[in-house]
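S.K.: So Swiss-Prot has the following annotated:
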- 1-54: domain 'ClpX-type ZB' (DOMAIN)
- Cys13, Cys16, Cys35, Cys38: Zn(2+) binding site (BINDING)
- Pro117, Thr118, Gly119, Ser120, Gly121, Lys122, Thr123, Leu124: ATP binding site (BINDING)
Amino acid sequence: MFKFNDEKGQLKCSFCGKTQDQVRKLVAGPGVYICDECIELCTEIVEEELGNEEEFEFKDIPKPKEIREILDEYVIGQDEAKKSLAVAVYNHYKRINSGSKIDDVELSKSNILMIGPTGSGKTLLAQTLARILNVPFAIADATSLTEAGYVGEDVENILLKLIQAADYDVERAEKGIIYIDEIDKIARKSENPSITRDVSGEGVQQALLKILEGTIASVPPQGGRKHPHQEFIQIDTTNILFICGGAFDGLEPIIKRRLGKKVIGFGADIQQSDVDEKNLLSKVLPEDLLKFGLIPEFVGRLPVITTLEPLDEQALVDILTKPKNAIVKQYQKMLELDGVELEFEEEALREIAKKAIERKTGARGLRSIIEGIMLDVMFELPSREDVQKCIITVETVRGNKPPKLIRHDGTVIEQERKTSA
């Protein structure tokens, strides 16, 4: 419908209402007019939108050494694992930039399997890699997955988490990273194929095969089970990097048997056995994973295998104090906001590390131990103006004495130890 000014009979812009005399140009369309000013405004809006949604690509992929250096800022130890991950991730995104083919040579996808004990840094490494590359990242727990049609989560729900992490920008999600934890829990119950249905073990491995390799998956936007009458989000998993991690308890005896070392036997060199046992996981081969219960096709889609070592006492002490996000630094900053200086004695840090080793929780257990120690401190000190410094001693960690509190004049505040009723 043409818009005219009733008084002068002039044409008007259908968007802003300005007349032909008020603008430089008026462009006619079927039933509408648009002025040059509105065209310019629309162009700016479209360019801004396209700028946000332009093809997601990595112009400057950090080199493996650069990736390793950034990982060092957040993750203590695990040097071999960092090196393997840095190379694998660099090659993966270089492959994406090249379009998967260079001079008719097809570059295959390199998903990663991380094997290491609880609390050794598997999840943190994957999270930090995603942060370095600024790509969407999602964590999934393999234990909640079941084969399609059974109670539990479908494997497509993993992809939904990644899409949500990318704010439903599917193109960005298609170049993200998914970390699947507890992957060892979906091993089949025995090395031999089962004649009965294993819906949470081998069945899940079979269901994961396609998305690991690369496929166009249909994902329900609201999650949950699929049904025929709902809409789906289509996502190509070809360029999604999958990192699978697990503790793989029971894998070491399998490696020992392959290497010809007896698990139990007379005349064995016990000292040599202890030395070898520390590095057994680093000698893992695909055939060991097959014996553990992963199916051949699944192992074949995880070509990069890297192992993490159990963290020793010194590594745990370093984790408490050295990374940018170290737990001790966080508590020091929190108390600094209340005008109190927090100090942990070296022996106190070592005692915390020993407790984590005893609990066999690795780095993951450090926070819960420190939170237990710091609860009363964080409760009391914000209300006290006479405290300038708080020192956590080894006796505090052991539960024998309260922390040492120092006044502004440097004198120690005498405290009575709280006894449990």
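Backbone N, Cα and C define each Cβ position, glycine as well.
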S.K.: Write down the Cα-Cα distance for Cys38 (Zn(2+) binding site) and Lys122 (ATP binding site), rounded and given in Å.
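M.R.: Cα to Cα, Lys122 (ATP binding site) and Cys38 (Zn(2+) binding site) are separated by 53 Å.
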S.K.: By the DSSP assignment reduced to helix, strand and coil, which category contains Cys35 (Zn(2+) binding site)?
M.R.: strand
S.K.: Does DSSP give Gly119 (ATP binding site) helix, strand or coil?
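M.R.: Where Gly119 (ATP binding site) sits, the three-state DSSP reduction gives coil.
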S.K.: In sequence order, which residues at least six apart in the same chain have a CB under 8 Å from the CB of Leu124 (ATP binding site)?
M.R.: Tyr74, Val75, Ala363
S.K.: Measure the Cβ-based neighbour count of Cys38 (Zn(2+) binding site), defined as the other Cβ atoms within 10 Å of its Cβ.
M.R.: 18
S.K.: Tell me, roughly as an integer, the mean pLDDT over the domain 'ClpX-type ZB' (1-54).
M.R.: 76
S.K.: Through the lens of DSSP with three states only, how would you label Leu124 (ATP binding site)?
M.R.: helix
S.K.: Going by a 10 angstroms cut-off between Cβ atoms, which of the binding-site residues Cys13, Cys16, Cys35 has the sparsest surroundings?
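M.R.: Candidates: the binding-site residues Cys13, Cys16, Cys35. Fewest Cβ atoms within 10 Å: Cys16.
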S.K.: May I have the list of same-chain residues other than Cys13, Cys16, Cys35, Cys38 whose Cβ is within 8 Å of the Cβ centroid of the recorded Zn(2+) site, in sequence order?
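M.R.: These residues sit around the Zn(2+) site: Ser14, Phe15, Gly17, Lys18, Val23, Leu26, Tyr33, Ile34, Asp36, Glu37, Ile39.
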S.K.: Measure from the CA atom of Pro117 (ATP binding site) to the CA atom of Cys35 (Zn(2+) binding site) and give the result in Å, rounded to a whole number.
M.R.: 67
S.K.: For Thr118 (ATP binding site), list the number of other Cβ atoms lying within 10 Å of its Cβ atom.
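M.R.: Taking every protein chain into account, the count is 16.
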